[in-house]
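Below is one structure. I have some questions about it.
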């Protein structure tokens, strides 16, 4: 774990200012960190991925004896986590929200969809595309979950509760990207080829969440991320309704509902870990917050913009879709959900970790106020997802 250094306000921003010169892409994002820069390794440009940096990888940091904790929780997971999955036959499918291609009225429905889409500004589409691309990188997220010691799917069809959850969660999430992708395609408002290239680059690049094969770190990360996607899709639903597209609002709201259900499952796992191993869990929580929670799509690239994720994040921050305030809200939500501030009996190191996470959100909120002021002077830049039209950061 990197040592703590002085609190750096700029580390809490949801984006970085656009750079005037070409830079090696970095997964550095902006949300919450009070640690200094860790050692990174530059990855040279290859035909299937952009030049970038990743942190020096730490693997299998969880003590082997703690694997037994997760094996002992098999029955608990079956009774308490798998219940948050829905039977396939009761799940919505993308086609439930899209024009029926076998219908006589298909072309008229598509025409109506395209007319509604004309009322929505470009900035909103940048946010919606970014959300869709994030959802479409699902192979990476399943891969990440299967790096976690003690809970991975060892065979590809394992019947352990952890493996069943990972596969079924992936299957439920798969509908999100499918639905948004088809909707955006039919809208005619976005450059699908550039979006498809971005998805391919992103899946090829992977992600660098720094979870060290530890399910403690991994499930804290997924708890945070499911809450974040619930908020983001909820915000795009609200914006769509404000712009008069009730159907798109329904789509985004339905996806948000799924994310909320998944958040419930992941936060329940961490709650159980706090019950069994409070010291180890609070240390893991502080560790993830010191590293900062990198967004799943932080390595996105479209073949043109070396700072694409930072620019997407800036637009999302300005429009209120995904903000530093949300980050602070999520942190406070998790602290309250897991009753971190009320727990006692920690070691000295555990108590310091508890104090760190419980005092972090107010600092983030102070930085959010400064970020909002800076955003008012942000420039406009072209975005390949909307045919090179300019959007304000």
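Easy rule for this one: first residue shown is 1, then count along the chain.
Every residue, even glycine, has its Cβ placed from backbone N, Cα and C.
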Can you match one of 173, 196, 310 to the Fe cation 2 site that Swiss-Prot gives for 226, 259, 262?
173
Using only what Swiss-Prot says about Fe cation 1 binding by 173, 176, 259, identify which of 115, 119, 135 is listed for that site too.
135
Cα of residue 176 (Fe cation 1 binding site) to Cα of residue 226 (Fe cation 2 binding site): how many Å, rounded?
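That comes out at 13 Å between the alpha carbons.
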List which of the binding-site residues 135, 173, 259 have their Cα within 10 Å of the Cα of residue 226 (Fe cation 2 binding site), in sequence order.
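Final answer, ordered: 259.
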